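Taken verbatim from TrEMBL:
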ACT_SITE  D158  active site, nucleophile
BINDING   Y212  substrate binding site
DOMAIN    250-355  domain 'Pseudouridine synthase I TruA alpha/beta'
REGION    416-439  region 'Disordered'
Amino acid sequence: QFIHSTVCLSTLLRTDFICRSRHKSFAAAMSEALDKLEQDQLAKKSAKEAENETVKEANRVKRTLKRKKWVDWKTQDEEDAANGVKRAPFDPADRIKRKKSAILLSYCGANYFGMQRNPGMQTIEEELFKAMLKHKWITEDSFEQVQIACFQRAARTDKGVSAARQVCSVKLPEELDLAAFNQDLPAEIRLFGVERVTKGFNAKDQCNARTYTYTLPTVAFALSSEESQPEQDTYRIPPELLEKVNETLKLYEGTKNFHNFTSKKNFLDPSAKRFIMSFTCSTPFQSPQGVEFVTLKVKGQSFMLHQIRKMVGLTIAIVRGNTTTATLERAMTEERLDLPMAPGLGLVLDRVHYERYNDRYGKDGIHAPLTWDAQEQQVREFIEKHIYANIYKTEAEQRSLLDWLSTLHYHSYDTRREEAATEAGGSQKKSNEDDDGEE
């Protein structure tokens with residue numbers, strides 16, 4: 001019994017020793033793991049600090065190099081001289097602070113190939129940019145690439161087309177001498193006003209409507225069925241015919257599909273739909289040459305290339321009796337019709353509208369509304385002297401509209417054969433003309 005008791009005690013002591021040994025090994029392992037984790041964290045922290053220090057040092061080097069490049073001109077000049085390079089003298093104009101501005105421009109386009117700059121062509125913008133460069137309104141770089149000066153026009157005008165109140169946006173200096181600037185512009189181009197605008201202002205994008213006028217002798221509406229065509233100098237339009245002109249113009253108002261009134265525009269193209277707010281005819285008046293004229297005025301959100309001239313051309317054909325209003329209604333459908341296009345002489349960009357911009361910024365006490373009221377009298381005088389006088393004189397001497405009237409009977413006012421074949425094949429080239437590419 002004594003021996004049995006001794007064996008049991010020995011077994012218990014051995015079991016207790018084994019348990020204590022195992023417990024001690026686990027605690028030691030945990031302690032080692034925690035120590036290793038702490039060491040890893042310290043190592044990562046040290047590596048991060050070293051990386052941050054490297055970045056800071058790189059930034060310090062960059063700032064030092066930048067200051068040396070732009071401030072230490074003496075060292076830079078010595079290095080350039082050793083390489084045979086001489087620094088150009090400093091031009092104060094390059095440091096002029098320029099701010100976004102809107103300019104009011106008027107011009108007679110009779111002798112120009114449109115508004116937009118075109119290499120090798122005499123354009124309105126070319127004359128404008130040359131004067132701006134001469135007066136240091138823009139830099140050499142901006143003259144080569146006008147996008148640098150954020151230049152944008154409210155609307156394009158095509159060859160021979162004039163503008164009474166064109167608006168452009170561009171970055172310009174704060175101090176400007178308009179009188180001296182205009183002396184370096186041709187007589188048929190004038191800049192009448194400059195207004196500071198918001199940073200994000202864009203003359204085209206912020207323009208919510210455009211108004212064009214088309215001035216023509218009333219003899220254009222004389223009935224083609226008459227045995228002998230009346231003389232332009234003595235013709236006076238009767239009231240009932242004038243009423244028919246206004247009735248026809250009103251048919252264009254509203255949102256309609258004008259794919260027939262431009263080139264290479266498909267009926268299904270969403271951009272073919274345009275909103276015409278109003279289209280009216282003025283009361284007749286006499287030019288200095290004694291010819292009776294009227295002015296058609298159309299206001300819309302935007303116009304496509306040739307759209308207004310084709311609307312005027314079809315209106316004349318309807319009033320004269322070459323076709324009927326049914327042609328106008330068909331022209332708004334999917335059919336592709338043969339429609340006449342009136343000459344460009346009488347077309348004028350009358351004004352561009354910024355009602356939304358004026359409502360938002362024109363009363364903030366910082367920016368003036370783009371209504372140009374102070375310049376209106378000067379603009380009117382220029383228009384009469386250079387734009388309308390040219391229309392009256394050219395029409396009286398060359399009778400270009402009368403020559404055009406003789407071609408109206410050549411038009412079929414029906415589906416074009418070549419267009420019908422194209423549409424049947426299901427392929428028609430999409431026009432890449434600007435939305436505001438009218439004339």
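Start at 1 and count along the chain as shown; that gives each residue its number.
Positions of Cβ are set from backbone N, Cα and C atoms, glycine also.
Across the structure, D158 (active site, nucleophile) and Y212 (substrate binding site) place their CA atoms 13 angstrom apart. The Cβ of D158 (active site, nucleophile) has 19 neighbouring Cβ atoms from other residues within 10 Å, across all protein chains displayed. Every protein chain considered, the tally of other Cβ atoms within 10 Å of the Cβ of Y212 (substrate binding site) stands at 27.
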